[in-house]
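Per TrEMBL, the feature domain 'Fumarylacetoacetase N-terminal' maps to 16-125. For 131-310, the entry in TrEMBL reads domain 'Fumarylacetoacetase-like C-terminal'. The Ca(2+) binding site annotation in TrEMBL covers Asp133, Glu206, Glu208, Asp240. Summarising the annotation, TrEMBL assigns substrate binding site to Tyr135, Arg149, Gln247, Tyr251. Under the heading active site, proton acceptor, TrEMBL lists His140. If you look up TrEMBL, you'll see Asp240, Lys260, Thr264 marked as Mg(2+) binding site.
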Amino acid sequence: MESFIEVPPDCDFPLENLPWGVFKARTGAIGDSPEVHVGVALGQHVISATTLHVAGYLRDLPEADTRVFAKGRLNELMAAGRPAWRAARATLQRLLSSSEGELRDQPELLARVVHKQEDVEMLLPARIGDYTDFYASRQHATNVGAMFRGLANALNPNWLHLPVGYHGRASSIIPAGASVRRPWGQVMPANASAPVFSPSSQVDFELEVAAFVGPGNALGEPITVAGAWDHVFGLVLMNDWSARDIQKWEYVPLGPFNGKNWATQISPWVVTLEALEPFRCSPPPQIDPEVLPYLREALPYTYDVELTVDITPAGYDRATTVTRSNLKHLYGIRGF
Ligand SMILES: O=C(O)/C=C/C(=O)CC(=O)CC(=O)O
Ligand SMILES: [Ca+2]
Ligand SMILES: [Mg+2]
């Protein structure tokens, strides 16, 4: 697939990807009002679906109301469901392909639709009403469990049977790049007999992949495991910042609270499951023990996505890679 918009050879945003995001101009305005646009990334550019919609394109998406690109957020598109997501993607891929002149040959419209990524500020992709953070990595659960209870009791007895998670604070989700403030909280120093209130000295990062849920269910109506994927719009990277010293003292028995609710960062581009389809693969087998039938999924249901973490310490100008992994290693992908 080739676009008339240049895509550098190693770029993560070719025409096959087209992740969705929400943005505004760093200075001034983007083409037309409104101020905040919905669109996709292509190479080093962003494509405004909002402007295309105002110009008469992207108007006949199945199950989608016509103002889906007008509200400066992805909620309306996500709620419309997979037929609308596929139709929008197909229309954008057609309009942006090198064999198609409809957009390419309208320079005045093109100038309002296509913008350099460096000229826009990325915002949160959607209003996030709620989120659940799952504990799906066996290695991470073993490491954190060992830190809190010792290696012999690291994995709790429920862990291999169900997706363990906690509810986070949706209002503390911020986009990647925003500054984060070290939290204060109550901690119990080693060998002390009483807690103290202090800045956290054990701020930790977590490399996670988060899913945006689109249509959802009516309260009380279950979604089966087989049907669950129809609700997943796409994936982003997530850093669930954690203050381990605060968490360790507060979290028994009701789970993480202030140790984890002060900042959670997500990457701004939502990569759709359609774009990930060529990378679909099998997760580690869940056979020892086998999970209950209501949780069993047909294979393969995860994706081969390389994940790394680089850290640049204060005062250094070079990053060090501290983590190399892959989404396919997660034991329970259903428990994102
Ligand atoms: O194993 C425990 O007792 C507690 C574990 C956690 O709270 C782990 C954690 O940080 C959850 C997460 O990964 O977000
Ligand atoms: Ca987490
Ligand atoms: Mg976590």
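Backbone N, Cα and C define each Cβ position, glycine as well.
Counting only same-chain residues at least 6 apart in sequence, those with a Cβ under 8 Å from the Cβ of Thr264 (Mg(2+) binding site) are Tyr131, Asp133, Gly168, Arg169, Ser172, Ile173, Ile174, Met238, Asn239, Asp240, Trp241. Taking the C-alpha positions, the distance from Tyr251 (substrate binding site) to Glu208 (Ca(2+) binding site) comes to 20 Å. The distance from the Cα of Arg149 (substrate binding site) to the Cα of the residue listed as 'active site, proton acceptor' comes to 14 Å.
Note on proximity: among Tyr135, His140, Glu206, Glu208, Gln247, the recorded positions of the record, the Cα nearest Lys260 (Mg(2+) binding site) is that of Gln247. Separating the Cα atoms of Tyr135 (substrate binding site) and Glu208 (Ca(2+) binding site) is a whole-number distance of 10 Å. Reduced to three states, the DSSP call for Thr264 (Mg(2+) binding site) is strand. For Gln247 (substrate binding site), the same-chain residues that are 6 or more apart in sequence and have a Cβ closer than 8 Å to its Cβ are Pro256, Gly259, Lys260.
Glu206 (Ca(2+) binding site) and the residue listed as 'active site, proton acceptor' are 9 Å apart (CA-CA, integer value).
Under the DSSP three-state reduction, Arg149 (substrate binding site) is assigned to helix. With helix defined as DSSP H, G or I and strand as E or B, the domain 'Fumarylacetoacetase N-terminal' (16-125) counts 41 helix, 24 strand, 45 coil. Of the chain residues outside the Ca(2+) site list Asp133, Glu206, Glu208, Asp240, Leu207, Ala210, Met238, Asn239, Ser242, Thr264 have their Cβ within 8 Å of the site's Cβ mean position. Glu206 (Ca(2+) binding site) falls outside any helix or strand according to DSSP and counts as coil. The least crowded of the recorded positions His140, Arg149, Lys260, judged by other CB atoms within 10 A of its own CB, is Arg149. Note: Glu206 (Ca(2+) binding site) has non-local neighbours His140, Met238, Asn239, Asp240, Trp241, Ser242, i.e. same-chain residues 6+ apart with C-beta under 8 A of its own C-beta. All chains included, 22 other C-beta atoms sit within 10 angstroms of the C-beta of Glu208 (Ca(2+) binding site).
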